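Let me begin by presenting the structure, written as structure tokens, before commenting on it.
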Amino acid sequence: MVRPASAEDISEVMKFSRANGIRVIPVGTSSGVLGGTIPLCNELVIDLTRLDKILHIDEINHLVTVQAGMNGWAFEEALNAVGWTAGHYPQSIKISTVGGWAACRGGGQASSRYGKIEDIVVGLKVVLPDGQMMAITPEARRAVGPSVKDIFIGSEGVLGVITELTLRIWRKPEVVENLVIAYADVEKAVSAARRIMQAELRPAIVRIYDDAETASRTEGQDEFKSRPVMTFLSFSGHRELVAAEKKIALDIVHSEGGKIAPLDAFNDWLESRYVSLSQRWTDQGYFMDTVEVVLPYDRLNDAYTKMKAAVKAINEDVHFGSHWSHVYPDGACQYMTFRLPPMDDEVALPQHAAIWDVLQQLALDNGGSISHHHGVGVFRGKWMKNELGVGLDLVQAIKDYLDPENLVNPGKLGLRSAADAVSING
């Protein structure tokens, strides 16, 4: 492992890597869940966490420039201390880095208002595999051919090392209004969310929980006995705008049969939203995993029903629950949690693989995407050709041009592995 303190240090490492045929992996804090930073062939790890500073806050253009290895929570707290927010709150914020957000094309919990990381990042500095340092200057927009910036957002370290980023920032909101709503079923809840987004409202948070996920969060609350599906809505910003958005949203909510419920579950979530929930189950021998996909609204309800049935067909005792936490005018992220009961690995691992297979395939069969914000890493690689088709060949061609010896994080994103790479099941 090397721990560079500057882009110049990283450039020297990359030059040394190429000159000596040494494979490398750029790493922030390895909070990803799909093996994007797992060494497969004795790679040298480039630890970026010494690049951990905010370099400049531009209060006129509402921009911040930050080094890639800065911890996400420290970054947001530093902005908050002077009245700003980046608007990007992934569950991993306390254990991830700003550069990792961009490298993995992440999404935060307030994405309906502030956008995903690709909407927030406006400039990058990258060290290429040959050691060249490239700057993509921050601009509000440019029309100079394909976006070079977007080649690196979501590249998961296979095309070079992101060292510095410029992001949009916003003033902390004047007011925040939170709501909890109970619906009769998922179809009503999703319809309300769709109509809210299509009405050009921009809630900071939209979270819909199916009945399985709602039950554990609303025990003893009468509002959910006849309406077992829960939604969180949150509006933030200027007082007058929040009031107007809330009024329009509530008209839609009521037209879909929604009923306002106490804020207890929302407040509990705010207290624990950056904490992993898996530990208490894995300690008891359960195997817990999550799969997030994207689905268009016209196929979402049917796809959800099929996915639930398909998982239950693999193991009738599995816990399967879904929530929808990133919504758009034309579709939503469906985030599924499954929990296999305690069993021997020789039984559990094939079932785990079968669940992944069926969920990924059903996402594609229903006009969706295999991933919304967790990315690809090594585990999702085998489905990339099915999603991108010849587009994956294009990504491989870019990789081959920048890194002809395949030295930088080989075998990730569904791209070509090194000849001596360890094979990982899945």
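Even glycines carry a Cβ here, placed using N, Cα and C.
The domain 'FAD-binding PCMH-type' annotation in TrEMBL covers 1-172.
According to DSSP, Val161 (FAD binding site) is assigned to a strand segment. Around the Cβ of Val161 (FAD binding site), the same chain contributes Ile10, Met14, Pro26, Ile46, Leu48, Ala68, Val126, Val127, Val408, each under 8 angstroms and 6 or more positions distant in sequence. The annotation FAD binding site is assigned in TrEMBL to Glu156, Gly157, Val158, Leu159, Gly160, Val161, Ile162.
Among the features that TrEMBL reports, site 'Important for enzyme activity' is placed at Arg207. For Arg207 (site 'Important for enzyme activity'), the same-chain residues 6+ apart in sequence whose C-beta sits under 8 angstroms from its C-beta are Gln109, Thr231, Phe232, Trp269, His323, Trp324, Ser325.
What TrEMBL records for Arg280 is substrate binding site. DSSP assigns Arg280 (substrate binding site) to a helix. The C-beta environment of Arg280 (substrate binding site), restricted to residues of the same chain at least 6 apart in sequence and closer than 8 Å, is empty.
Look at TrEMBL and you will find Tyr335 tagged as active site, proton donor/acceptor. Listed in sequence order, Thr290, Val291, Glu292, Ser322, His323, Trp324, Ser325, His372 are the same-chain residues at least 6 apart in sequence whose CB falls under 8 Å from the CB of Tyr335 (active site, proton donor/acceptor).
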Would you count the other CB atoms within 10 A of the CB of Glu156 (FAD binding site), including those on all shown protein chains?
24
Can you check which residues sit near Gly157 (FAD binding site), meaning Cβ under 8 Å from its Cβ, same chain, 6 or more apart in sequence, and list them in order?
Ile25, Pro26, Val27, Gly36, Thr37, Ala103, Val408, Asn409, Lys412
